[in-house]
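What TrEMBL annotates here:
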type: DOMAIN; residues: 89-343; note: domain 'G-protein coupled receptors family 1 profile'
type: TRANSMEM; residues: 77-98; note: transmembrane segment
type: TRANSMEM; residues: 110-133; note: transmembrane segment
type: TRANSMEM; residues: 139-166; note: transmembrane segment
type: TRANSMEM; residues: 187-206; note: transmembrane segment
type: TRANSMEM; residues: 233-259; note: transmembrane segment
type: TRANSMEM; residues: 280-298; note: transmembrane segment
Amino acid sequence: MLWMNHVLDASGLQRESIYQHLQRGSDRNPFYRAEIKLKRTMNAGNSTESYSTSLISNVSSPQCQVNKDFTYRYLPVVYLSVFLIGILGNGFGLWNLCRNWRKWNTLNVFVFNLGVADLLYVITLPFFASYYIEEEIWLFSLAFCRVTRCLFHVNLYASIGFLTCISVQRYIGIVHPMKMLGRFQKLAHAFLVSAIVWIWVIMQILPDLLFMKTDDNASHCYDSTGNESLSEYLPYSLLVMVFGFLIPFLVIIGCYSHVLVVLRKNENLDTSLKVRSIKLVIIVMVLFSICFFPYHLFRNLNLLTRLWQLDGACTQTLKNIYVTYQVTRGLACMNSAINPLVYLVTNENFVSKLRKIQTKAWQTCFFLKVGKVKYFSERIKMKTFAVDEQFDILDEE
């Protein structure tokens with residue numbers, strides 16, 4: 001019987017080593033992913049998960065659960081849609097700017113940096129889509145989780161920063177046109193301002209890298225941080241909102257309010273300039289009111305409610321805030337798909353290029369259709385001729 005005990009002990013050690021191997025393989029292993037999902041189902045019940053997105057071993061009480069099916073369906077669709085639109089729109093815009101770099105002005109410098117920020121972010125979206133399709137199981141490394149989450153915030157605040165630069169530049173060009181003939185027209189100053197914006201954004205985002213982004217088994221990739229660091233993360237998030245969003249937003253409102261007053265009073269301004277300026281005002285206001293403002297509001301509300309929930313609070317309002325926050329995350333992501341519209345209203349050459357491409361596309365479609373019609377008409381003629389020949393042969397017989 002001793003040999004049986006040794007066999008059982010050996011098999012037990014083997015099972016343990018296999019389990020440890022699965023853990024080291026982490027989420028790349030399908031068996032481990034299935035185990036994680038099973039634990040979540042057992043803890044939350046009926047495919048629900050802890051409202052606070054805490055660790056599996058630290059889920060909240062069953063009385064405070066929220067169904068996350070909406071998140072798993074909504075965010076992948078948004079991310080993949082923005083990925084396609086953002087790659088095409090920003091890619092074409094940057095390509096056009098690079099081709100005409102000798103004709104750049106200060107506005108083109110800011111628009112170029114805006115496109116770079118968007119491209120850096122949209123290339124990460126397929127990975128986030130995979131994360132939510134897998135029901136919040138991160139399939140990649142901890143370092144990659146930190147980098148991708150960091151790129152979202154870099155894109156967000158770089159977009160806000162360069163939209164602010166574009167707004168100030170447009171304000172100076174319309175309200176103080178003589179200043180645009182001086183130092184504000186120099187490309188060197190535009191590049192210097194762009195460098196300052198990037199440095200300012202990176203300084204804001206660097207502390208975010210210090211917060212935990214995954215759990216012990218690397219099955220999560222938090223967009224903010226885990227429950228252990230919530231009390232420190234909330235003040236940081238509020239500071240970033242003030243300096244990265246609120247102050248630039250107030251600057252933009254002040255600039256465009258003055259611009260609209262001048263456009264209304266001054267009848268001597270070029271009509272096309274007026275139209276493009278008004279379109280730019282609309283685009284920027286849409287970005288801030290739909291993409292940026294709701295996200296910042298509900299991100300901090302969600303962090304606050306997570307702290308309350310850890311203290312035992314649980315109401316339907318807290319759950320509704322979580323769901324609304326997920327919606328605003330998708331809206332914030334959409335700024336990378338809307339930003340290419342800035343190319344349209346700030347670059348006339350870009351518009352003409354698009355029109356040429358559209359014209360060529362229509363011409364190609366037209367010739368293809370004409371070619372198909374000719375092809376099928378010839379086929380019909382050949383078949384008709386063959387049938388007539390057969391009838392002629394039968395008549396001769």
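Backbone N, Cα and C atoms are what each Cβ position is placed from, and that goes for glycine too.
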Task = Count, for each of 139-166, 187-206, 233-259, 280-298, the Cβ pairs lying under 8 Å from the transmembrane segment (110-133), and report the range with the highest count.
result = 139-166
Per-region confidence, the domain 'G-protein coupled receptors family 1 profile' (89-343) (mean pLDDT, whole number) = 88
